[in-house]
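Here is the structure we will look at, set down as structure tokens.
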Amino acid sequence: MQILVYDNLDEKQKEEALKRPAISAKDEISKIVSSIIKEVQEKGDEALIEQALKFDKAEISKIKITQEEITQASKRLDKDLQEAILVAYENIKKFHEAQIPHEIALETTKGVKCEVLTRPIEKVGLYIPGGLAPLFSTVLMLAIPAKIAGCEKIVLASPAKINDAVLFCAKLCGVDEIYQMGGAGAIAALAYGTQSVLKVDKIFGPGNAFVTEAKRQVSSDINGAAIDMQAGPSEVLVIADDLANEKFVASDLLSQAEHGADSQVILVCLSQDFAKKASDEVQSQLELLPRKELASKSIANSRIIIAKDLNQALEISNLYAPEHLIIQTQNPRELLKGVKHAGSVFLGAYSPESMGDYASGTNHVLPTYGLTKTHSSLGLADFSKRMTVQELSKEGFLALGKSVEILAQNEHLDAHKNAVTFRLESLK
């Protein structure tokens, strides 16, 4: 890994050191995705069946998975894996149940009652990528909060042939319908509906550049669907002092690097000696990984930055605004106070990112590409919306009436003023 001393860099070099890999061929991807969406809108299920063969090399005759197929998948699944999934399920459920909002009701002025009520989004679509690493854990991260929030209809899409663990998790979480469809076409089907696919109000879940672009396009169409967030390549930043275990640090860096060639990992440490030990350990562990080729490409986009102290390390982290922030120092909770931007934070030597990815209870769907400066990790609130209520008695109306008349008049909104004036006159 490239090693840089932060204080030796000029402003432009510092900016380059924290630069993320460019998302390539964006215009080309946009055109392809537009074409795929149009096909699904025009041909419905037929387009999805054709796309399954073209993109996923899967011959299918239907889109919707039957209950029998789900039952058989659960029977085939390894019992140890089932038990591990249940452990994760319970922790994720506990953490998200704790996020159930309390309704707010107060009297702002005598006779003026104001409330905040929460209501679930009615129909949600969950997208689970396929490929060599089936992300069945993402089913838990999406479906559990959807169920707790009270969404009336929860549907799930994943490329054919859907992994048994994905089907097991979907059944466990109470998903209503499962569709074997993938990529941009799946996003289009969820946004607009087909003969077999329910049109949803909001789409959740990660995916490749085509899925991300499809989510962007359908969310900008008033007839499409809302989305959870715009996701970029996965990333981690690790802050480590000289007493950190370089083996632990390297394993945390590589656990993120193996996600994909466009993932990025950054280590911020305090000395050349630790930087060298960590870099050597990364190379040693990398050689043993089955996904070595993917992780190697990610490591090429990554670097080690040497900070003069932990305060500067925090400054670097806040500038980068990582998806995952791991702090392996002697007093990690002390540093937490200075963290401004991060999707999820992992404190101490025994809090690897893997715990949050699977079973600690927090959600692993996180903003990337610097969006943690303005966006939050996925939570229960994303599956619901708030509405406000006000109720004024005659006494409350009279208390505010004159002030509202003056405010409306000065904004030159006469109908607003009249709505108050007519009522005031009726009470004389």
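In case you wondered, yes, glycine gets a Cβ from its N, Cα and C as well.
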Identity of the substrate-site residue among His96, His102, His324 (reference: Ser234, Gln256, His259, Asp357, Glu411, His416, source: Swiss-Prot): His324
Pairwise CA distance, His416 (substrate binding site) versus Glu323 (active site, proton acceptor), rounded so that it is a whole Å: 46
Site extent for substrate (largest Cα pair distance over Ser234, Gln256, His259, His324, Asp357, Glu411, His416, Å): 55
Which binding-site residues sit within 10 Å of Glu323 (active site, proton acceptor) - Cα, from Ser234, His259, Asp357, Glu411: Ser234
Three-class DSSP secondary structure - His324 (substrate binding site): strand
